[in-house]
Amino acid sequence: MRIDEGFLTPEAIARLQQEEALSDKTHKRTAQQIEAIYSSGQNILVSASAGSGKTFVMVERILDKILRGIPVDRLFISTFTVKAATELIERIEKKLHTAIAETQDYQLKAYLNDQLQALSQADIGTMDAFAQKLVHQHGYVLGISPHFRIIQDKAEQDILKREVFRQVFEDYMSQTDNKAFIQLVQNFSGRRKDSSAFREIVDSIYAFSQSTANPSSWLAEVFLRGSKTYTSFADIPDQAVDTLLACMQDTADQLRDLTDMEGYAQTTKAGKLTAKYTKHLKMIDSLYEWALHFDSLYGKARLGQLAQELTALLPSGADITVAGHKYPIFKSLQEQLVGFRHLETILAYQQESLPLLEVLQAFVISFSEAYLAAKMQENAFEFSDIAHFAIEILQQAPDIRQAYQGHYHEVMVDEYQDNNHMQERLLELLSNGHNRFMVGDIKQSIYRFRQADPQIFNQKFKDYQSNPEHGKLILLKENFRSQSEVLNVTNAVFSRLMDESLGEITYDDKHQLVAGSEAQKQLHPENRAQLLLYNTDQAQEGTEEASTNDGISAGEVTLVAKEIIRLYNEEKVAFEDITLLVSSRTRNDTIFQVFNQYGIPLVADGGQENYLKSVEVMVMLDTLRSINNPLNDYALVALMRSPMFSFDEDQLARISLQSSSQDQPQAFYDKLSNSLRGQGEHPGLIGQELMTKLVDFDRTLSDWRQFAKLHSLYELIWKVFNDRFYFDFVASQPKAEQAQANLYALAIRADQFEQSGYKGLSRFIGMIDKVLETQNDLADVEVERPKHAVNLMTIHKSKGLEFHYVFILNCDKRFAMADLQAPIILNRDEGIGIKYVANVKELLRDEKLASLKVTMETLPYQLNKQQLRLATLSEQMRLLYVAMTRAEKKVYLVGKASKEKIQAKTADNSSEGRLALASRERLLSFQDWLLAITATFSKEDLFIDVRFVDDSDLTAEAVGQLRSSGLLQADDLKDNRQTEDIARALDMLDKVSKLNASYQAAIELPTVRTPSQLKTLYEPLMDTDGVDIIDQPYHRPKSFDLPDFSKKKAVEPSQIGSSLHELMQRIPMSDQVTAGDIEQALQFVSADAEVKARIDIKKVTSFFATTELGQLLQEHHQCLHREAPFAMLKKDSLSQEQYVVRGIIDGYLLFEDRIVLFDYKTDHYQHSAELKQRYQQQMDLYAEALSQSYGIARIEKYLVLMGGSQLEVVRLDE
C-alpha cells in the first residue's frame, strides 16, 4: 500500500468482502467488520454487540487511516476511560511495529516511525483530558489562566460548595421579602431543623444541570417547563394514560388466569357460582370495558373519576389467595392509581408550588454563579467546568472551532452509548458534520448514574436506519467470545424482555448475538446455562435465608462453592477462569466467609474510596475518638463492643443503668466511672466478671490517653495494635490481608498527617470526620492480588472483560428504586417535578386546626417518576445483558426463592413473543424476570435449566473438598509486622513445651471424667483377670471429618438412645403405668418425629407390664430416683493425682438395706453377655458412687436391654 493511496469505494469494499469470504484464513473478518474498517466520507455509527470485536475494528481503521497518509495526530479518538486509551495506544503501537518490520519501503518505514513518535502526543484519551488540553491552550478567550488546577478531591469540592451555599442561603434569608423562600426551604426540610435537606436538593439540581450541554440555558429555559406545561387533565401525556390502561388490562388478564386455576373455587357444592368468583368476574369485565372504551366512557377530563371507580372496584389489599398462595396481582395497578385518584385536588394545590419553584430556580442559578466565581478566584475547577469552558470557547471563537474542524480528519468515539449531552455537544463542535465515527452498543449502556443518556445513541441509530443519507449504520452482530450455550440463552432471555418500551431498543434480529466461528457453534450440553435457586422453604424462621432480606445468603454462596469445587476437581477448571459478579461491592462478607470455609481462594476487585467504611478502620477510628474524648458515647460504646474488649449487649445495658442522678442525663463514660466506684443507681447489676472487664478497660483507656499526650499518632496506633493484639486479630478474619493493609495504612496516613505540619490527635480526628461529613472517603489500599483465585467484582467493573465461567449472584435482589421516592425528580426535557407540602386545612373546614400539611406528588413529579422508573428498569435490564455476555463457556444465575411458591406461579401475559409491558414493569429483580420467562414460554426454547438446591444438597459431605494440588507452601510472612508480645509468646511456648515433657502424665490427666469416658479408658487397659496395665499409653482417635449440618440426615443410634432415656424420665410413675401414660410422655420428648418413630414403644410397655424390675419400680415408685447426678474422687495410678468422676445415673430404688441400680441400653447386640462385659466397669462406678453417698454396701445392678430383638433385663452381680 502506498501512503497516498485513496480510500476504498463502496465497490472496492464489496470486492474485499467477497475475497475475505472465499479466503482460507483461519480468522476471517466479517463483511460488517470490513465495512466498518474501510467506509469513509460520511458519519458512521457502528452498533457493536458484546464480543463482536469493536476494539479490533477501531485499531484496524486507525491503522488504515495512517497507512493512507492520515497522520495519527489528525485523528481525534475519544475513549471512556484512561485505561481504555492506554490499551488502544498499545495496540496501535504494536500494529505499527509490525507494519515497519514487514515493509521494505524506506519511505514508508520513516513515515511509520514518525507516527510511532507522534502517538504519545496524539489526541487519544478521555473527553476530560482533551478539554483540559483545549482550555490550557485557548482559555484566554474566557479569561482563564493556563495554570489552573483540577479539584479532584471530592472532599475539597464539598467543603467549598458548602461555604458558597451558606453565603447564598444567608443572602436569600436576609432579603426583606423572604416568605416564599422560607416556605420553599420548609417544603423540603421535613423533620429536619436545619437547611441540610434543602442543600441536598440544590446539590442534586446543580449536578444534573452540569451534564447538560448548557447548564445556565437548561436552568433558565427547561427547569420549569413541566411545571408550567402540566397543569390540567388535558395536559397529561398520552403515554401516561396508555400505561394506566395497559396495567388495567394486565390486571384483568392475571385475575382471569387465577380464576381458572385448579385451586380456585368457582362453584359451590350445589353448583352455583361462588360469591368470590362472581365478584372477580365483575372486576374482570369492568377492567376490560373501562380500558378498551376509555375515550368514550371517560377521556382525560374524567381520569380522576376512573381512578376513584377503580379504587372502589378493587380490594383494599394487593393479594389474592389461591390454594394457600398469595398472588399480588393488584399491587401494580394500585400504585398507578395513587396519583390519579386525587389528581383534581393535586392540580388545584399544584398552582401554589409554581412561585416556590421560581424561587428555587433563582436560588440554583445564584448558587451556580457564586460557586463558579469561587472556583475562578481559586483558579481551580471541576472536570465538568473545564468541559463547559471548552464548549464555550469553540462556540464563541469561530476561528478556533474552524481550526479544529479543519485539522481533524475524523472524530472517533468509543463507548458512544455512555456519552452525556455535554460530551455530545463537544463532539459536534469538533466535527465538520460528516466525519464522525461512533462505536457503541445501547444494550450495554449502564452509566445512567453518571448522567449518560443512551437515547443519544438510539436517536442516531433510528435516524441513520431511516435516513441513510444522514449517516451509515453498521451492525456488528457476530460474537467471537462466547460459546453457543451463552449466546442462545442471552438471545432467548432478551428477545422476551427488551423492547423500545422497556430497554429502549427492540431486541430483534438486528441485535441478537450470532456465533462468529464454527468452533463457537459446537454444542456442549454440560455448559447449558443454569438458574440455581437456594430453596428457602427449609430455612428456619428468623434465619437470613428465611427472611425477605435482599442480601446474599450463606445458602446461595454455599451452592456456588459446591459448583466451583466440582469444576475444579472434575473438570480441572482453574480458579482464575471463574468470576463472581455482584451488583454492589459492599456487603459481600458472606461470600468471603463461605469461600474461606471451603478453602477457595477469592480476590475482590473492590474499586476505590471505600477505605474509611471498612470495619477494621471504623473500629480504630472509634478507638482514637474515645482516646481523644471519652465523652463521645457512640465511639466509646463502639470501642467497648469491638473485639478488643468484647462487651456484650447485656453488659453495656447494665452499665447504662448506672446514672448517679435521674435529673440530668450523663455520658456513658460517667456511668462507667460510677460502675467502677459502685456509685450508680443499680450497683447490684455489676457482677464480679463485669467489674473485672471494666477495670481492665478503664486502665487501658487511661494508659492510651496518657500515652497520646507524649507520643506521635503513629506510635499511639501501634500501641493500640500491640496492647490489644488487634492487628493480629484481623489476620484471622475474612479478607485478612486487606484488613491488615488497611490498618497499616491508617498508621502511615496518621504519620503523613503529622509530617505535613498538622499535629495532634484532635486535629486528625477532625480531618477524618470532615471527610466523612461530606460523604467522601479515602482511596482503598491496594494489596497484591493472588494469581490463582476466583474473581469477585461488580457488573459495572466487569464491562469489557471476559471470563470462562460466570456466576451472577444475588439475582433475587430487588432493584434500587429509592430515587422514585425522592423529594424532587429531574427530567432532561421536562425539568423538575416536586413533592409539594400543601396546607389543606380549608378542605376540612375545621376552625380548631391551625394547619394540616399533606405531601402531594405534583403532576410533573408523577410524569417524571414514570419516566425515571422506565429508565431505571431499562438500565437494570442492560446490566443483566452485560453480566450474561461476560461468559465465554457457561453462565450461572444464582438467587434464592421458595420452591413451593415458585412452582405454584402462573404464566405471565405475553405479547408478540415478549412478556407484557405491565408484567415487566411489575417485576423488580433479575430473578423475577427470569422466572416469569420460564413460566410463560416453552422451556425448550429458553436454553436454561432452573434448579432448586435444598439444605440436604449443601451438607459438608455433599459440597465436598478441593482436590489436593501438592505440598502446601509455608506462608510468606516476611512483610508482616509481628507484635513484640507475639514474639515473646512464641519463645515462651517453646520453653514451656520442654517442661511439659517432664510432667506428661499429670498434664494429660483430665480433671473431670465421665463414666462413659472411663469405660472407654478401661477397656484397653484391663486384661481378663483385672490386672492394671495403665502405664501403657492410651491414644484417643482423632477425627477431622467436617460436621454435617444438613436438615435431612439418617437417624443416629445415639439420638434414639437419648430420646429413650428422656422418655423413661418423663413417664409419670404410679402403681400401674399404662400405655396411655407412655404415649402421652412421648409427646413431650424433645426430638424430631423421625427419631420418636424409631423408639420401640412395645418394649417400653412390656418392661412395665411383664418384667420383675418394671413391677418393682411401679410398686415402690415413692423410692424411685431418676436421672440422678453424682460426683466422686478417683486416683490415677500413674501420676497418683486425684481427679473427679461425674455422671448421671438413669435410675435407682433406694431401700433401707439395699439399692437397686438400673440403666437403659439401646445398643444392638447378639448375646446379652457382650453388653454385660461392656458395661460392667461403668455400672461398678455407679454402684461405688451410690455406696459412698448412702453408706449402703448392698447394690443390685441391672441392665435394661432394648436394642435386641426382644426386651431383656439382666442382672450384673449374678
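One-based numbering along the chain as shown.
A Cβ is built for glycine as well, from the same backbone N, Cα and C atoms used for every other residue.
Remember, it's a predicted structure, so these values are computed and weren't measured experimentally.
Marked as domain 'UvrD-like helicase ATP-binding' by Swiss-Prot on the basis of sequence analysis: 27-483.
Other Cβ atoms within 10 Å of the Cβ of G51 (ATP binding site) number 23 in total over all chains. Feature annotation from Swiss-Prot assigns ATP binding site to A48, S49, A50, G51, S52, G53, K54, T55.
In the predicted model, the domain 'UvrD-like helicase C-terminal' (512-800) has a mean pLDDT of 85. What Swiss-Prot lists as domain 'UvrD-like helicase C-terminal' is 512-800.
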* Relative to the Cβ of A50 (ATP binding site), which residues of the same chain, six or more apart in sequence, are found under 8 Å away? -> D441, K443, Q444, N479, R481, S482, L513, Y881, V882, T885
* To do: Could you tell me which of these binding-site residues, A48, K54, T55, has the greatest number of Cβ atoms within 10 Å of its own Cβ?
  => A48
* Distant-in-sequence Cβ neighbours of G53 (ATP binding site), under 8 Å, six or more positions away -> Q33, L476, E478, F480, G516
* Asked: Taking DSSP three-state, what's G51 (ATP binding site) in: helix, strand or coil?
  -> coil
* Asked: Which chain-mates of S49 (ATP binding site) that are at least 6 residues away have a CB under 8 A from its CB, listed by sequence?
  -> D441, K443, L475, L476, K477, N479, H511, L513
* To do: Determine which residues of the same chain, besides A48, S49, A50, G51, S52, G53, K54, T55, have their CB within 8 A of the center of the CB atoms at the recorded ATP site, and list them by sequence.
  => D441, L476, N479, F480, R481
